[in-house]
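S.K.: Here it is, the structure, as structure tokens.
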Amino acid sequence: MKSQNSKEQKSEFSYKETLNLLKTDFSMRANSVLREPEIQDFWAKNNIDFELGLNNSGKTFTLHDGPPYANGSLHMGHALNKVLKDIINKYKTLKGFKVHYVPGWDCHGLPIELKVLQNLKSHERKNLNSLSLRKKATDYAHKQINNQMEGFKRWGIWGDWDNPYLTLKKSYESAQIGVFGKMFLNGYIYRGLKPVHWSPSSRTALAEAELEYPDDHYSKSIYVSLKITKVPDKVLLKGCQENPNIKKESFLGNSFITIWTTTPWTIPANEAVAVNPKISYVFVIDEDKRIFLFAKNLFSEISEKFNKIFKILFEVKGSSLENIEYQHPTKNKNCRIVIGGDYITTESGTGIVHTAPGHGIDDFNVGQKYDLPITCVVDEKGNLNEYSGQFKGSNVLKDSNDLIIEYLKGKNLLLLQENYKHRYPYDWRTKKPTIFRATEQWFASVDGFRSSALKAIEDVEWMPATGKKRIYSMVVGRGDWCISRQRSWGVPIPVFYKKNGNEILLNSEIINHIQELFSEYGADIWWDWEVKNLLPENYLKESDLWEKGTDTMDVWFDSGSSWAAVCEQRSELKYPADLYLEGSDQHRGWFQSSLLTSVAVNNKPPYKRVLTHGFALDENGRKMSKSLGNVVDPNIIINGGNNKKSEPAYGADVLRLWVSSVDYSVDVPIGSNILKQLSDVYRKVRNTARYLLGNIHDYDPNIDSFEIDQLPLLDQWMLGRLVEVSSQISHAYESYEFSRFFQILQSFCVVDLSNFYLDIAKDRLYVSAKSQFRRRSCQFVMSKVVENLAVLISPVLCHMAEDIWQNIPYLTKEKSVFQRGWPIFSQSWKNESLNQHITNLRNLRVEINKAIEGCRNKQIIGAALETEVNYLPKDKFVKDSLNWLRKFGNEDVDLFRDWLIVSNFQVVSYLAENSLIIDSNELGEIQILKARGLKCDRCWHYQKEIVSGIQNTKLCKRCAKIINL
């Protein structure tokens with residue numbers, strides 16, 4: 001069915017020139033690759049960026065940057081982290097806080113050292129000493145920092161880029177020595193022989209935070225029989241009493257302790273076996289009259305594994321087994337059963353634990369209790385040493401296990417061998433297995449201040465709240481912190497050792513002196529200068545007696561000292577910091593190392609609040625990896641890839657919008673489909689801003705500003721809605737719920753503005769006389785909306801916000817959107833009763849639009865103006881709201897007909913004939929009819945009274961009056 005005016009003769013004349021059409025230089029396309037750098041240059045030239053925060057008069061806000069490692073290209077994890085921080089800093093700046101964001105870099109450690117070595121030829125490596133290695137590492141780190149810094153700047157991140165903190169700077173190294181010194185003088189630093197996580201691939205000790213635990217590691221597990229040589233009388237007596245047929249000699253000549261281990265290479269280091277005093281154990285006998293000892297709860301499992309029929313002889317508690325002796329499996333000596341702890345369970349194995357104090361923490365602790373030797377059978381390369389006997393020279397990660405298994409098999413001590421899948425610690429850098437190895441190391445004694453650290457955790461706000469439980473459990477259960485490393489690229493432990501002796505020289509005088517030297521000359525002097533030049537004057541006479549230590553500090557001690565090297569040192573910052581914000585893996589990393597050092601030195605946490613985020617995954621929730629080909633590069637998101645169709649240049653703001661769109665408290669996906677969706681949202685916001693800017697091109701706020709009660713009801717509602725949205729977005733920023741900002745922004749731009757207010761405003765803006773009140777009042781509202789919209793989005797869409805601000809067509813007091821400050825509104829703009837009426841009318845409008853859309857889908861009509869609407873109300877509240885609008889509304893703006901963009905609307909008591917469509921719903925009966933009258937060629941409304949226009953055109957009286965016809 002065709003529309004009623006389809007047969008009418010149309011004129012070629014157009015009234016377009018008489019309309020107030022959109023005019024703005026704010027382009028529909030962002031052209032981000034060119035425009036964003038221009039905006040960044042504008043900020044830099046006008047000191048808008050981080051200096052703006054310094055000039056604020058409010059309280060200081062310190063978000064302390066967790067330093068990324070100065071190695072490698074930037075990835076989506078960097079983007080998530082740095083943009084989150086920047087959103088917060090920009091918001092706080094707009095709120096008037098003194099904000100000074102100091103970006104940092106973690107510069108020491110093995111990855112950089114390995115990169116330097118990889119870049120050298122073999123002959124260069126041979127001639128390389130520690131000092132020259134450090135020089136090359138410094139140069140490498142600076143290059144990496146410069147590359148990463150340029151990337152961060154391109155993302156729109158504000159910070160003190162001219163003065164970042166680097167852990168390789170003299171001032172930082174000096175402050176770190178100060179932290180170490182205070183911990184030592186407080187009694188929290190000691191040197192001792194103790195098993196530590198050791199990486200044969202890196203040839204250094206590792207802290208817990210430097211480990212990762214893949215779930216799919218396979219170990220060669222073995223069940224071994226250890227021949228019993230001596231049994232306490234009370235155990236023998238019990239056995240013989242309960243088994244009269246077995247003589248005492250049988251227990252000593254043909255009985256065995258059964259152990260299980262996943263590290264066969266540690267068998268030569270065995271010094272004891274341990275039992276749990278609370279567990280019940282059984283002596284059993286097999287068909288060959290051999291007697292075995294293992295946990296009672298494992299009887300069925302072991303019988304099945306060994307494929308043997310065992311008979312239980314008698315049962316004893318673990319506490320009764322102490323001092324049973326056995327023949328060492330590889331050495332000519334006897335060892336004994338000792339009492340262990342709750343780490344011995346019956347979940348797997350035999351309930352009896354092979355104990356090598358030099359190669360396990362629990363083993364070491366039991367060894368200390370029983371004064372067992374701490375035998376270390378492995379060198380720094382992972383090769384078995386002379387203490388392993390005939391196995392010397394084999395490698396624990398290669399052939400040692402096989403050699404020892406074959407040996408045990410030959411001695412008829414091997415009961416069973418099988419592969420065992422479990423979580424196992426790997427070196428996070430080399431991705432190779434680690435081992436436990438007893439070496440002389442420096443430790444921070446966490447026991448000395450654990451209770452203070454736990455109290456400090458309680459004093460901090462953790463977001464999400466689960467972070468508190470996570471770090472609390474880690475600190476409760478952690479052992480002492482091994483802080484020494486056997487590498488050159490790091491901050492040295494400032495200790496001197498007596499030549500040919502065990503005495504060390506480390507005291508307050510030494511520490512203060514080294515700290516002063518490092519402050520002036522840097523840590524390189526430790527390798528460059530002789531001992532006499534490093535010692536204080538009082539020790540010069542005995543300088544020949546001492547030699548420098550060669551260990552450096554754990555890089556987690558480096559970054560964990562940043563509160564002292566940065567927050568305490570810089571007057572623009574606060575200690576404790578207001579906020580630490582990093583990935584959730586930092587509960588075992590930077591959050592924890594910073595907490596431990598700060599509590600040990602100052603008995604307080606280094607932060608007031610800790611916020612964590614998840615990891616960036618691909619669209620399918622998989623970890624990104626080159627092998628999977630699913631790596632998303634933030635640089636390609638911004639600048640585009642080689643194929644601009646498949647990898648378009650979205651710009652930094654779309655990257656930032658992604659950060660604001662996700663629930664970052666968990667792992668977050670990113671990929672091409674998500675980017676397309678975000679680009680659509682970005683475009684909608686931009687087009688909304690463009691429409692607002694384009695329709696205020698001739699508006700002057702100095703001439704046409706209005707009080708709220710002078711405005712039509714629709715405009716009053718719009719300003720009230722602006723206040724609501726601003727409040728909601730403020731709350732989202734304050735609570736760090738940026739995905740709420742994303743949702744509110746979308747709804748405001750699409751639902752409130754594009755689909756409602758701006759849709760209705762078209763007639764007011766385009767058709768009205770330029771200076772007519774109905775147009776100027778709308779422009780007044782739009783100016784308020786666009787100014788405040790620019791501010792509200794600026795923490796996230798900083799480039800778009802500035803672009804909007806630069807295209808506001810009238811003079812503003814502020815050169816930049818960031819100088820505007822956070823929106824403050826008149827209380828008079830809030831009107832709850834008005835809100836309820838408008839909500840009722842919007843609900844009715846939605847239902848009427850559905851009915852009109854039904855006509856359009858059937859091709860009965862084209863535009864909504866070709867219709868008129870009859871409404872038979874059922875809903876009392878909607879009817880009341882229509883009466884309210886009729887009574888209090890402005891007749892030029894607040895006619896519900898104009899809100900519907902139809903040619904006529906009326907409330908009726910019965911429905912007319914000749915309906916195009918009738919829709920019945922809970923609000924009432926909605927009848928859509930063809931509009932009566934003729935179409936005005938200028939405004940397209942249908943009117944009964946039409947006058948002749950130019951060149952056979954038709955005009956309504958309103959339009960004729962506007963163009964003076």
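Even glycines carry a Cβ here, placed using N, Cα and C.
Bear in mind that the values here come from a model prediction, so they are computed numbers and not experimental data.
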S.K.: Can you identify, from 68-78, 596-606, 871-881, the stretch that Swiss-Prot calls motif ''HIGH' region'?
M.R.: 68-78
S.K.: Of the ranges 118-122, 378-382, 388-392, 623-627, which one does Swiss-Prot list as motif ''KMSKS' region'?
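M.R.: Matching range for motif ''KMSKS' region': 623-627.
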S.K.: Tally every other Cβ atom lying within 10 Å of the Cβ atom of LYS626 (ATP binding site).
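M.R.: By my count, 7.
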S.K.: Fewest other Cβ atoms within 10 Å: which of the binding-site residues CYS936, CYS939, CYS956, CYS959 wins that one? Let me know.
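M.R.: Among the binding-site residues CYS936, CYS939, CYS956, CYS959, the lowest count of other Cβ atoms within 10 Å belongs to CYS939.
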S.K.: Pop the Cα-Cα gap between GLU582 (L-isoleucyl-5'-AMP binding site) and CYS936 (Zn(2+) binding site) into the table, whole Å please.
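M.R.: Computed Cα spacing between CYS936 (Zn(2+) binding site) and GLU582 (L-isoleucyl-5'-AMP binding site) is 62 Å.
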S.K.: What is the interatomic distance between the Cα atoms of GLU582 (L-isoleucyl-5'-AMP binding site) and CYS959 (Zn(2+) binding site), given in whole Å?
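M.R.: So the alpha carbons of GLU582 (L-isoleucyl-5'-AMP binding site) and CYS959 (Zn(2+) binding site) sit roughly 61 Å from each other.
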S.K.: Other than CYS936, CYS939, CYS956, CYS959, which residues of the same chain sit close to Zn(2+)? List them in sequence order, counting a residue when its Cβ is within 8 Å of the Cβ centroid of the site.
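M.R.: The answer, listed by sequence position, is VAL767, ASP937, ARG938, TRP940, HIS941, GLN943, LEU955, LYS957, ARG958, ALA960.
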S.K.: Could you tell me the mean pLDDT over the motif ''KMSKS' region' (623-627), as a whole number?
M.R.: 88
S.K.: Translate the DSSP assignment of LYS626 (ATP binding site) into the three-state scheme.
M.R.: coil
S.K.: Closest of the binding-site residues to LYS626 (ATP binding site), Cα to Cα, picking from CYS939, CYS956, CYS959?
M.R.: CYS939
S.K.: Give the helix, strand or coil assignment DSSP yields for CYS936 (Zn(2+) binding site).
M.R.: coil
